[in-house]
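Structure, as structure tokens:
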Amino acid sequence: MSYLGVGVSPGNVPVYHGSNVKVIDRRVKVAELVLRCVICVLAILAAVLIGTDTQVREIFTIRKKAKFTDMKALVFLVIANGLAAAYSLVQVLRCVLSMIRGTVLFSKPLAWAIFSGDQVMAYLSLSAVAASAQSAVFAKLGQPELQWMKTCTLYEKFCNQVGEGVASAVLASLSMVVLSAISAFSLFRLYGDSKGKSSGGW
């Protein structure tokens with residue numbers, strides 16, 4: 001028997017030899033599906049909260065409308081979460097089709113594509129969250145050394161809704177990090193199996 005009790009057919013489709021491996025793979029697939037659904041919902045929520053957030057204030061007879069496009073970091077965050085939601089939706093459909101067909105593992109090229117996509121989306125979302133969080137701190141606390149005023153004292157409702165959107169984006173990005181670990185496990189397990197075969201198995 002090869003590594004983890006899994007053998008690979010000529011078409012790179014794993015063939016199972018143990019019930020324990022089937023249970024583990026099923027749990028991994030369920031966890032992946034749940035995480036991708038959570039990411040999709042949180043990313044959409046973050047994009048909607050920030051993208052639809054506006055507030056109008058009148059300052060010295062001048063009407064000023066605050067919107068997310070006034071801050072480039074928020075624009076980046078909305079775009080990143082939109083991409084993350086679309087990517088997660090595509091992957092959710094793939095997971096559902098895979099579960100319906102009864103396949104658990106897949107070819108190495110597909111595993112590499114999924115792993116690479118998950119890594120890119122995780123880094124993209126984390127960088128967007130970091131940039132927006134820094135901008136939010138400046139808006140909330142200001143920067144006296146540079147004479148930057150506390151914007152949130154004027155646009156409290158706008159800042160509160162942005163904060164909710166950023167919080168959703170943070171949860172989505174953390175879920176992506178966990179998902180990246182799962183996709184890495186699924187990918188490198190295939191190579192572990194090849195090593196097991198080359199060493200003669202057990």
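Just so it is clear, glycine is given a Cβ too, placed from its N, Cα and C backbone atoms.
Please treat TrEMBL annotations as automatic predictions, because they have not gone through curation.
In TrEMBL this protein carries:
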| type | residues | note |
| --- | --- | --- |
| DOMAIN | 26-174 | domain 'Casparian strip membrane protein' |
| TRANSMEM | 33-52 | transmembrane segment |
| TRANSMEM | 73-100 | transmembrane segment |
| TRANSMEM | 120-141 | transmembrane segment |
| TRANSMEM | 162-188 | transmembrane segment |
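Each residue in the domain 'Casparian strip membrane protein' (26-174) gets a DSSP state, and the totals come to 118 helix, 14 strand, 17 coil.
For the transmembrane segment (73-100), same-chain residues at least 6 beyond its ends with a Cβ under 8 Å from one of its own Cβ atoms are 29, 32-33, 36-37, 39-40, 43-44, 46-47, 50-51, 106, 114, 117, 121, 124-125, 127-129, 131-132, 134-135, 162, 165-166, 169, 172, 176.
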